[in-house]
Amino acid sequence: MKKSTKLLAGIVTLASAMTLAACQSTNDNTSVITMKGDTISVSDFYNETKNTEVSQRAMLNLVVSRVFEDQYGKKVSKKKTEEAYNKSAEQYGASFSAALAQSGLTTDTYKRQIRSAMLVEYAVKEAAKKELTDADYKKAYESYTPEMTTQVITLDNEETAKAILGEVKAEGADFAAIAKEKTTAADKKVDYKFDSGDTKLPADVIKAASGLKEGDISEVVSVLDPATYQNKFYIVKVTKKAEKASDWKKYKKRLKEIVLAEKTQNIDFQNKVIAKALDKANVKIKDQAFANILAQYANTDKKASKANTSKSDQKTSSDSSKDSQSSKSKSEK
């Protein structure tokens, strides 16, 4: 079952991290396995496995988990962790236990993984809030489309979708009636309201609707369903479209949500926040086998510094060019 293998990206590594932690908290000479003429100690096992990719990732996850629990643990309640766990369990239904087992997890290790992710998410969101500027709002406003009322046909087959597109675009066609009859959406829903920053439908579908005028019908929009790895096909009609106000401040609250969502999903920004937390925790690696596990975060500030330097150089170059042109103009006079 494909669904059970996608529990969480990298989730199995936390279970491995727990194994490493257990090794470190036990006497190095403690026997893990005994046999005739030999034994395998905790130290033997640790040295054999510490250089593997799984162990490297596991140690990184363990470090990040401990650091964020220390710095942000009070900001995310255990109740919220339980709620997130229960929601995930409900989504998987009867296959949840199998998904855990296939990923090498127990209920406790999965909850720890969820909590670690929630702590990082909290830290990233708070950092994003502090960096919000009017320029961010204005940029988001430029591509923002206010609420649209739409009718959406969801289909599983491209040829069928093309045929139905012809039907709904025919003169006098009743789009709503055809949509209700033909859609293959599980809940048979065809009526939607959303703005350009919404996530209730695939991004490409919302983008297509945003580009339509009131009364227009889109072409067939093909979207890969991440749950099934199969393409879904959509046809959208915009039945009502709110006029966009000229002042971005009218949408400030909504634009804030959109900007924060974009920032928190940005990998470079996430790494920057994690790097700052690791630096604050003064993480020191004692075993050289794990010397490079934080490398991706060590370069974060350098990238930011390089980007800022580049912008500064461009500004200096531009200013110098303007000064040169000004001097030339005065000389000619």
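One is the number of the first residue shown, and numbering goes on along the chain from there.
Just so you know, glycine gets a Cβ as well, placed from its N, Cα and C.
Annotation comment: Swiss-Prot describes 312-322 as compositional bias 'Basic and acidic residues'.
Look at Swiss-Prot and you will find 323-333 tagged as compositional bias 'Low complexity'.
The domain 'PpiC' annotation in Swiss-Prot covers 145-240. Taking H, G and I as helix, E and B as strand and the rest as coil, DSSP gives the domain 'PpiC' (145-240) the counts 28 helix, 29 strand, 39 coil.
Taken from Swiss-Prot, the feature S-diacylglycerol cysteine applies to Cys23.
Taken from Swiss-Prot, the feature N-palmitoyl cysteine applies to Cys23, supported by sequence analysis.
As annotated by Swiss-Prot, region 'Disordered' applies to 301-333.
Residues annotated as signal peptide in Swiss-Prot, with sequence analysis given as evidence: 1-22.
Over the domain 'PpiC' (145-240), the average per-residue pLDDT in this prediction is 96.
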